[in-house]
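As recorded in Swiss-Prot:
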| type | residues | note |
| --- | --- | --- |
| MOD_RES | S4 | phosphoserine |
| MOD_RES | S119 | phosphoserine |
| MOD_RES | S120 | phosphoserine |
| MOD_RES | S122 | phosphoserine |
| MOD_RES | S143 | phosphoserine |
| REPEAT | 318-360 | repeat 'ARM 3' |
| REPEAT | 361-412 | repeat 'ARM 4' |
| REPEAT | 413-443 | repeat 'ARM 5' |
| REPEAT | 537-583 | repeat 'ARM 7' |
| REPEAT | 584-629 | repeat 'ARM 8' |
Amino acid sequence: MNHSPLKTALAYECFQDQDNSTLALPSDQKMKTGTSGRQRVQEQVMMTVKRQKSKSSQSSTLSHSNRGSMYDGLADNYNNYGTTSRSSYFSKFQAGNGSWGYPIYNGTLKREPDNRRFSSYSQMENWSRHYPRGSCATPGAGSDICFMQKIKASRSEPDLYCDPRGTLRKGTLGSKGHKTTQNRCSFYSTCSGQKAVKKCPVRPPSCTSKQDPVYVPPISCNKDLSFGHSRASSKICSEDIECSGLTIPKAVQYLCSQDEKYQAIGAYYIQHTCFQDESAKQQVYQLGGICKLVDLLRSPNQNVQQAAAGALRNLVFRSTPNKLETRRQNGIREAVSLLRRSGSTEIQKQLTGLLWNLSSTDELKEELVADALPVLTDRVIIPFSGWCDGNSNMSREVVDPEVFFNATGCLRNLSSADAGRQTMRNYSGLIDSLMAYVQNCVAASRCDDKSVENCMCILHNLSYRLDAEVPTRYRQLEYNTRNAYTEKSSTGCFSNRGDKMMNNNYDCPLPEEETNPKGSSWLYHSDAIRTYLNLMGKSKKDATLEACAGALQNLTASKGLMSNGMSQLIGIKEKGLPQIARLLQSGNSDVVRSGASLLSNMSRHPVLHRVMGNQVFPEVTRLLTSHTGNTSNSEDILSSACYTVRNLMTSQPQMAKQYFSNSMLNNVFNLCRNTASSPKAAEAARLLLSDMWASKELQSVLRQQGFDRNMMGNIAGANNLRNFTSRF
């Protein structure tokens with residue numbers, strides 16, 4: 001079966017006129033004659049050269065897909081427990097030795113796995129322009145080249161070379177004698193891209209092997225390149241170049257030419273070919289082209305700078321060896337240096353896209369945080385957001401929306417790293433600008449703006465372990481409260497005040513909020529909570545919804561005052577339970593998981609039980625009744641639902657009775673027996689049924705279903721049978 005050629009390098013929705021994103025390709029008939037990949041590229045170049053003009057691009061406010069991020073099971077020593085299990089994703093579950101308690105900390109660390117990191121890719125709109133001989137158009141400033149210079153950003157695509165990664169979940173069982181509940185927090189990262197063009201069949205990739213290719217050490221670059229200023233008299237027209245004979249080796253040779261025209265031509269050809277052919281990336285690596293392209297970032301000619309940045313952007317996409325080689329050749333610092341001093345929008349697009357691509361590799365994040373974070377924040381994020389602290393003398397240059405989108409995509413990746421997360425929290429103006437942008441978009445009903453998703457995912461990540469890593473007013477209040485309880489209980493060894501502190505069953509005055517929050521104080525401020533809830537109520541993008549719920553999930557995941565205060569703020573003051581409960585109806589399992597985990601966290605606080613009852617109980621029991629369990633998130637969803645029901649039913653047993661249907665109880669019972677494939681959900685279901693049996697008001701519901709002491713003993717398990725029977 002012959003496939004039609006790929007006729008576009010960009011997502012259709014990026015432009016109102018699709019012609020702006022097309023390459024000049026041979027006819028379909030020619031494509032079916034079996035020409036080689038190299039011949040096809042050369043034919044495309046020659047046909048594009050003959051174009052007389054190209055239409056200008058439309059707005060760079062690109063729409064993009066609703067993909068959520070995957071999970072990365074990185075080792076984390078949170079609470080210093082943990083055993084790792086792996087199914088379709090990585091899972092880490094912390095278990096203590098509590099007899100009847102369930103996890104008091106079961107957090108998700110959401111990071112960007114390689115195969116779902118969405119980073120910018122670039123492709124030339126028209127590889128070159130044709131001008132009649134002898135009548136070359138006058139080039140723009142800094143240009144002496146007559147072919148088309150404009151580069152467009154194409155849809156972001158996932159890395160195809162790495163296996164899917166999953167959640168990092170951790171939890172500990174409560175200490176013996178105390179019934180505790182699970183805490184969940186989540187950690188989010190990258191996913192930003194646009195939908196693929198469905199109207200155009202895609203040519204099969206030229207390199208589909210998942211094995212890492214063997215790379216030849218790159219050739220050292222000639223450091224004696226000439227970077228002279230462009231000369232108008234040296235202009236050449238594109239038809240003077242023998243494009244039909246251009247190859248990757250010749251293009252790499254062009255990079256070392258002392259003529260800037262040939263430098264740009266070589267870089268553009270590499271950029272164009274690497275978009276078409278994955279194997280070209282390895283060839284450029286072997287020929288030492290990366291170091292030459294990095295050197296060209298220092299060229300005084302803007303066309304050469306733009307071409308080199310675009311070529312590097314495509315070279316590093318999906319290629320870890322090329323990313324590492326770019327770093328080794330000092331490419332990160334050169335790119336950051338050029339971004340700091342360049343005022344060209346097109347160059348800024350290429351450089352921020354390059355940095356976004358590089359940021360998906362963990363080995364590069366530390367250097368990117370150190371070098372790129374200041375420039376991205378000061379030159380892109382703060383100016384575009386419109387935020388100002390009133391004392392800043394920072395220049396307010398106009399920033400293109402696509403540059404902002406690329407920059408937030410890069411920071412979205414960097415925020416997943418532990419060191420990067422803390423550095424980003426402390427960087428002046430970053431959180432303020434991200435929050436200002438999200439709030440402005442919500443106020444303007446632009447909740448599905450593509451950059452809002454990136455900003456929310458950054459804020460989600462920066463909220464991870466906030467109570468443990470950032471000094472907050474809650475921590476100071478909790479410290480003072482603990483000292484007060486310790487002094488009062490020092491005369492007796494049987495006081496339960498310490499238990500109350502651990503289980504959040506105490507009343508303490510919550511700290512007053514800052515009138516004008518700054519930096520990390522924004523992350524737990526009521527204005528931020530209100531913004532997240534408003535966004536959850538208005539956005540239709542699954543990734544944005546998941547990020548909002550994940551940020552709230554992180555804020556409610558601790559065992560102290562912050563979780564209590566945030567839960568009350570969300571559920572009572574801001575009346576956010578309806579928005580959260582609606583997440584459980586989503587068709588996206590990532591969204592359902594985040595919503596269910598957030599409700600599980602909030603249900604730990606008795607002060608919320610009454611308000612949560614009728615608003616949450618119907619949706620949570622519906623999950624236990626109808627959830628099919630056929631997704632990778634099913635175990636987390638079902639275990640969260642069991643814990644939420646368990647918490648709420650103890651304080652409102654009569655209300656709970658009306659929602660305990662036969663089908664729900666049968667599903668929970670079957671879940672108890674499914675210990676092999678869903679151990680966490682089975683444990684949560686077992687604890688739910690055990691507490692129902694222990695309740696005088698609810699035991700009758702189980703008896704009506706045919707449950708008896710022997711059956712409940714079997715559910716408890718042989719090891720726990722003695723403890724179980726002793727409770728009745």
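Counting begins at 1 with the first residue displayed.
Glycine residues also receive a Cβ, built from the backbone N, Cα and C atoms like all the rest.
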DSSP-assigned states of the repeat 'ARM 3' (318-360) in counts, ordered helix, strand, coil: 34 helix, 0 strand, 9 coil
Residue distribution over DSSP helix, strand and coil in the repeat 'ARM 4' (361-412): 36 helix, 0 strand, 16 coil
Whole-number mean of pLDDT values that fall within the repeat 'ARM 7' (537-583): 95
DSSP-derived helix, strand and coil totals, residue by residue, for the repeat 'ARM 8' (584-629): 35 helix, 0 strand, 11 coil
